[in-house]
Amino acid sequence: MVNLTIDGQRVTAPEGMTILEVARENGIHIPTLCHHPKLRPLGYCRLCLVDIEGAAKPMTACNTPVAEGMVIRTSTPVIEEMRKGIIEMLLSLHPEDCLTCEKAGNCQLQDCAYTYGVKHGELPVKREELPVLKENPFIVRDYNKCIVCGRCVRACQEVQVQRVVDLVGKGSAARVGATKAGAEVSLEEGGCVFCGNCVQVCPVGALTEKAGLGQGREWEFKKVRSICSYCGVGCNLTLYVKDGKVVKVRGYENPEVNNGWLCVKGRFGFDYIHNPDRITRPLIREGDREKGYFREASWEEALALVSQKLTQIKGSYGSEALGFLCSAKCTNEENYLLQKLARGVLGTNNVDHCARLXHSSTVAGLATTFGSGAMTNSIADIASADCIFVIGSNTTENHPVIALKVKEAVRRGARLIVADPRRIELVNFSYLWLRQKPGTDLALLNGLLHVIIKEELYDKEFIAQRTEGFEALKLAVEEYTPAKVSEVTGVPAGDIIEAARTYARGPSSTILYAMGITQHITGTANVMALANLAMACGQVGKEGNGVNPLRGQSNVQGACDMGGLPNVLPGYQPVTDPGVRHKFSETWGVPDLPGEPGLTLMEMMAAAQEGKLKGMYILGENPVLTDPDVSHVKEALKNLEFLVVQDIFLTETARMADVVLPGASFAEKEGTFTSTERRVQLLHKAIEPPGEARPDWLILNDLLLLMGYPRKYSSPGEIMQEIAGLTPSYAGITYERLEDKGLQWPVLSLEHPGTPVLHREKFSRGYGQFQVVHYRPPAEEPDEEYPFLFTTGRNLYHYHTVISRKSRGLEEMCPAPVVEINDNDAARLGIREGEMIEIVSRRGKVRVKALVTDRIPRGQVFMNFHFHEAAANLLTIAALDPVAKIPIIKPVL
């Protein structure tokens with residue numbers, strides 16, 4: 001600690017803090033323009049000049065560290081005149097269009113001019129007038145207003161680490177520009193990912209959101225805090241609302257999640273909520289599914305028909321003839337009500353959702369080894385790790401804000417190991433790139449364990465005190481020598497050895513993975529192998545380590561938590577446990593609940609095709625595009641006697657329904673999402689749903705009442721009270737407690753602070769359980785007829801199958817599907833860039849444009865699954881992981 005005096009006030013501060021930081025901490029104001037608390041201080045603007053006793057000249061407070069005995073004066077006549085002169089210089093170079101500027105009311109230059117009484121600039125300096133750049137769908141750049149503070153440059157280079165923009169020119173001609181190889185280019189040509197974080201930190205009107213142009217002044221907006229509706233990171237947002245419309249979005253400063261940073265979808269992809277294609281009234285099909293049509297109906301008629309048909313099917317065929325799909329895009333409260341309808345009113349455990357296709361192997365694998373099938377650590381932890389092992393996750397495109405934490409850790413000195421067949425962006429930041437063949441992850445992971453055990457790098461004390469089954473694992477991995485694993489995976493033996501040593505030595509090592517690990521015939525075994533690796537090295541139960549599945553959708557974790565699975569009630573309480581069933585049935589006021597696990601999503605589709613499943617209720621899911629072997633899915637849905645779809649758009653699945661119920665988007669309702677890090681967070685209603693659309697919880701509550709269930713909920717908060725009373729991990733959650741930063745479950749009581757790190761003292765199951773798992777080849781392998789390996793995944797500008805395609809800007813950036821093919825393979829086959837080619841598998845074929853690249857290895861092709869025009873899942877296989885029943889979405893052609 002150091003002692004110093006600021007403006008006569010004696011203060012004590014930690015060594016290394018800057019004068020500006022210490023002053024602000026003690027309530028002393030020093031003006032700044034270039035400074036931003038989340039960016040490296042550079043002292044560009046000079047507004048923060050202060051007088052330091054004994055110094056030869058004034059010093060910039062933003063980047064001058066405090067020292068013992070310093071005596072600082074932040075405001076003297078000389079300093080004040082210098083600040084006025086700086087502001088006058090900036091105004092002399094600045095357009096005087098404050099009356100019409102989008103930044104008016106939120107402009108820091110305007111604030112400084114007001115504070116110091118500088119009305120306009122009169123210095124004889126001029127700047128060449130520059131064109132206003134509007135070449136992309138998201139950001140308007142007016143560099144005439146640029147004050148060369150460098151904030152946007154630092155956000156791009158230090159936070160996003162894209163290095164697209166930089167300072168160009170000198171003196172009064174200095175400004176910011178996008179550059180590539182020394183030449184000025186458009187943002188897109190420069191490699192911009194349009195996160196818009198530069199817009200968020202810009203202190204003036206040089207960078208603005210195109211969507212907000214002319215839509216309102218700062219003081220006219222109602223600002224509503226919410227949570228992003230895209231991926232599972234749970235980024236906090238501020239919605240800017242005027243005249244019942246969301247005009248723009250800014251990142252909300254929650255330091256435990258996104259710290260204000262966003263990606264292109266979170267910041268600019270919100271406009272789908274106002275798309276004219278929204279369903280605004282209930283629809284009822286007239287005629288059959290082949291030649292029939294939809295007509296609009298009242299809510300009374302639509303819900304009465306749904307109630308009648310579901311009751312009729314139960315009466316005629318039994319409860320097991322019904323199936324329900326929960327939604328990873330709807331709130332916890334809504335998922336809770338749907339599974340309650342299925343189990344408590346209609347008597348079936350045939351309840352599942354899209355987690356079956358993505359992370360059901362995570363739930364099965366981590367529940368077996370650790371006792372809890374969720375991310376062990378916090379997103380914020382990632383930045384403090386010493387080693388980060390990313391496997392099966394294209395993090396920069398699928399979870400861009402988590403990728404910022406990875407980049408932050410690397411900048412701090414962490415070693416990044418990336419295991420991926422494709423040259424994903426994180427490879428550019430990696431210490432090691434393990435380019436394994438698709439489907440060989442288990443061999444690779446067992447190979448890492450072989451090295452760790454052989455070289456005795458494992459944590460003997462942790463294993464002895466907190467785990468069981470290690471000796472069996474030790475014997476099992478003996479055969480996975482680096483040489484043998486290299487032969488199977490294609491990864492050099494030396495890289496396998498170095499990766500094992502780096503991970504084991506940490507000191508803090510974290511694992512991040514996604515669907516590249518889970519969507520395999522050995523998906524559950526892959527997850528267990530990751531758990532084995534972490535337990536062997538004692539890398540569980542502390543900050544900066546753990547095993548961290550990155551969940552794909554905004555509330556996929558919550559849908560699982562709420563019992564959107566066929567074998568568990570909310571809180572992962574087994575349906576087979578009589579005590580659990582009694583607790584729920586007593587609270588719900590219904591007879592005993594069904595005690596046998598229900599059908600999974602894929603089993604429901606098979607049962608529908610066989611004529612055993614007669615009716616389905618699908619909430620906010622689109623299996624016609626997202627499920628594997630979609631031809632099979634379409635046939636299954638056609639075979640149903642009755643199909644209800646509740647959604648905000650007429651999706652490919654909704655088009656096959658008998659009744660379509662229009663729900664509400666995230667901005668149009670209250671409720672909670674649970675993010676990938678187990679953080680339960682509040683949604684706040686910002687606008688009304690369009691037309692007669694209703695919040696989904698209200699639709700489900702009305703249907704429950706119509707079907708004879710007597711409980712009428714007054715609000716989602718009341719539903720959460722019921723959830724908390726039945727679910728131990730949510731027991732201490734109330735809406736009031738979630739208002740600040742949310743809470744990470746388990747939250748065991750109203751006094752419990754939440755759990756950022758799982759398994760600190762012991763595992764949820766008691767002892768961690770090592771599992772012996774062995775590599776086996778993929779469900780299909782290349783042959784002469786189908787020689788290519790085919791994999792699927794996401795694109796940065798899209799999310800799943802519908803909502804991002806209803807966002808004008810996102811669709812403009814990526815309007816059509818492409819298939820990535822290696823440049824050597826393309827040359828051999830005579831395929832040119834942009835040429836339409838046909839991709840054929842044993843199950844179907846699609847026509848799509850070729851993207852020729854060295855990003856993907858020879859013998860492999862990659863395609864996004866977002867597009868109905870070329871549905872990737874026409875090609876995929878419905879083979880299942882034997883444990884989690886997850887389908888294999890990594891087939892061959």
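Yeah, the Cβs are placed from backbone N, Cα and C, and that goes for glycine too.
Note that this is a predicted model, so its numbers are computed, not measured.
The domain '2Fe-2S ferredoxin-type' annotation in Swiss-Prot covers 1-78.
Summarising the environment of CYS48 ([2Fe-2S] cluster binding site), the number of other Cβ atoms within 10 Å of its Cβ, over all protein chains shown, is 27. Swiss-Prot lists CYS34, CYS45, CYS48, CYS62 with the feature [2Fe-2S] cluster binding site, giving sequence analysis as the kind of evidence.
Tertiary proximity for the domain '4Fe-4S His(Cys)3-ligated-type' (78-117) is limited to same-chain residues at least six positions away from its ends with a CB under 8 Å from its CB atoms, namely 31, 33, 45-47, 49-51, 58, 123-127, 144-145, 147, 172, 203-205, 208, 212-213, 217-219. Sequence annotations record features per position, and here Swiss-Prot assigns domain '4Fe-4S His(Cys)3-ligated-type' to 78-117 based on sequence analysis.
In terms of DSSP helix, strand and coil, the domain '4Fe-4S ferredoxin-type 1' (137-167) has 12 helix, 6 strand, 13 coil. Positions annotated as domain '4Fe-4S ferredoxin-type 1' by Swiss-Prot, on the basis of sequence analysis: 137-167.
CYS146 ([4Fe-4S] cluster 1 binding site) has a Cβ environment of 24 other Cβ atoms inside 10 Å. According to Swiss-Prot, the [4Fe-4S] cluster 1 binding site annotation covers CYS146, CYS149, CYS152, CYS202, on the basis of sequence analysis.
The annotation [4Fe-4S] cluster 2 binding site is assigned in Swiss-Prot to CYS156, CYS192, CYS195, CYS198 on the grounds of sequence analysis. Residue environment of CYS192 ([4Fe-4S] cluster 2 binding site) contains 22 other Cβ atoms, counted within 10 Å of its Cβ in all protein chains.
Nonlocal intrachain contacts for the domain '4Fe-4S ferredoxin-type 2' (183-212), taken as residues 6+ away from its ends with a CB within less than 8 angstroms of a stretch CB, comprise 33, 36, 38-39, 94, 101-104, 107-109, 133-147, 149, 151-152, 154-156, 159-160, 162-165, 168, 176-177, 240, 247-248, 250-251, 260-264, 267-268, 271, 396, 400, 796, 809, 813. Marked as domain '4Fe-4S ferredoxin-type 2' by Swiss-Prot: 183-212.
Summarising model confidence by region, the domain '4Fe-4S Mo/W bis-MGD-type' (221-277) averages a pLDDT of 97. Among the features that Swiss-Prot reports, domain '4Fe-4S Mo/W bis-MGD-type' is placed at 221-277, with the record citing sequence analysis.
The feature [4Fe-4S] cluster 3 binding site is assigned by Swiss-Prot to CYS228, CYS231, CYS235, CYS263, with sequence analysis given as support. Secondary structure at CYS231 ([4Fe-4S] cluster 3 binding site), as computed by DSSP, is coil.
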Quiz item: Quick one: what's DSSP say for CYS34 ([2Fe-2S] cluster binding site), helix, strand or coil?
Solution: coil
Quiz item: Going by C-alpha positions, which of the binding-site residues (CYS62, CYS152, CYS202, CYS228, CYS263) is nearest CYS195 ([4Fe-4S] cluster 2 binding site)?
Solution: CYS263
Quiz item: Hey, how far is CYS228 ([4Fe-4S] cluster 3 binding site) from CYS156 ([4Fe-4S] cluster 2 binding site), Cα to Cα, in Å?
Solution: 22
Self-check item: Distant-in-sequence neighbours of the domain '4Fe-4S ferredoxin-type 1' (137-167), which means Cβ under 8 A and at least six residues beyond its ends
Solution: 33-34, 36, 38-40, 42, 44-45, 90, 93-95, 101, 103, 109, 127, 129-130, 174-179, 187, 190-211, 213, 261, 264, 267-268, 404, 407-408, 411, 429, 808-809, 812-813
Practice problem: Work out how many Å separate CYS62 ([2Fe-2S] cluster binding site) and CYS152 ([4Fe-4S] cluster 1 binding site) at their Cα atoms, rounded off. | Solution: 17
Quiz item: Near CYS45 ([2Fe-2S] cluster binding site), which residues of its chain come within a Cβ-Cβ distance under 8 Å, counting only those 6 or more away in sequence?
Solution: THR32, LEU33, CYS34, HIS35, ILE86, ILE147, CYS149
Practice problem: In whole Å, note down how far the CA of CYS198 ([4Fe-4S] cluster 2 binding site) lies from the CA of CYS263 ([4Fe-4S] cluster 3 binding site). | Solution: 11
Quiz item: How many helix, strand and coil residues does the domain '4Fe-4S His(Cys)3-ligated-type' (78-117) contain under DSSP?
Solution: 24 helix, 0 strand, 16 coil
Quiz item: By DSSP, how many residues in the domain '4Fe-4S Mo/W bis-MGD-type' (221-277) are helix, how many strand, and how many coil?
Solution: 11 helix, 20 strand, 26 coil
Quiz item: Which residues of the same chain, at least 6 positions away in sequence, have a Cβ lying under 8 Å from the Cβ of CYS156 ([4Fe-4S] cluster 2 binding site)?
Solution: GLN162, ARG163, VAL164, VAL165, ASN197, CYS198
